[in-house]
């Protein structure tokens, strides 16, 4: 299968819609993109497709973050270099979780330091204990704070949802020194108002980018009441991230915009019940999105 050619047509439609929806950056091979279901060659092809689609749509300056974390230091470095060559501006790296019992703070510090030392692009740490690649590893505050001092480690995505951890990190580093992104849409405004985050990297933005951006923009303009109202609407739809998961988010794109398709196996096709729930979650946001 030539993934690059097959995906290009639908991807350029998706990326154009996301960029025009006001997003500040895009992730290739993040969790929603199912990188664990792709071969190494496919992961590189996905990055090239993202970059070409953005460039051809007139968004050459939109930053592209590429997911490159795997279980070995060597392959993570190789994927990061390939990701940069394919058009990535930043690399987002999960901790290696296959041998979890051996992943002490010392080992994890060495892993991220060696990757950052070798990487031609800046590194964003990715803390997501709930996915198999991390195997339950939850990067602790002392380790993150130490890694944040590395000149080529510039931020973290906290899909752990820990707003307290975000607040403690923001007390140690300014946003210019170390950017903090939440991983769930439902925590966006809470993170902005109480934890000093820079924003969010969230799967829901694939279905509803304008709704996500609206919360941020209202907050940035000082309209806290408007931001609270927008966050309530977003949080109601954010049930799709945990209640429906990746297949439901894909279905949302297909249902409303005509592209997305099904997830790869072992994901199963979603039931009619989940399809109905997906529409119920997303429908209230669609007047803004279309």
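Positions of Cβ are set from backbone N, Cα and C atoms, glycine also.
According to TrEMBL:
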ACT_SITE  126  active site, proton donor/acceptor
ACT_SITE  157  active site, schiff-base intermediate with substrate
BINDING   32, 201  pyruvate binding site
Inset, instruction - Would you mind reading off the Cα separation of the residue listed as 'active site, proton donor/acceptor' from residue 157 (active site, schiff-base intermediate with substrate), to the nearest angstrom? - result: 5
Legend entry - Nonlocal neighbours by CB distance (under 8 Å) for the residue listed as 'active site, schiff-base intermediate with substrate', same chain, sequence gap 6 or more: 92, 124, 125, 126, 127, 128, 181, 182, 183, 201
Legend entry - Close in space, distant in sequence - residue 32 (pyruvate binding site), Cβ under 8 Å, 6 or more apart: 203, 206, 246, 249
Legend entry - For residue 201 (pyruvate binding site), the number of other Cβ atoms found within 10 Å of its own Cβ: 28
Legend entry - Other CB atoms within 10 A, centred on residue 126 (active site, proton donor/acceptor): 29
Inset, instruction - Sort residue 201 (pyruvate binding site) into helix, strand or coil using the DSSP assignment. - result: coil
Inset, instruction - Work out the three-state DSSP category of the residue listed as 'active site, proton donor/acceptor'. - result: strand
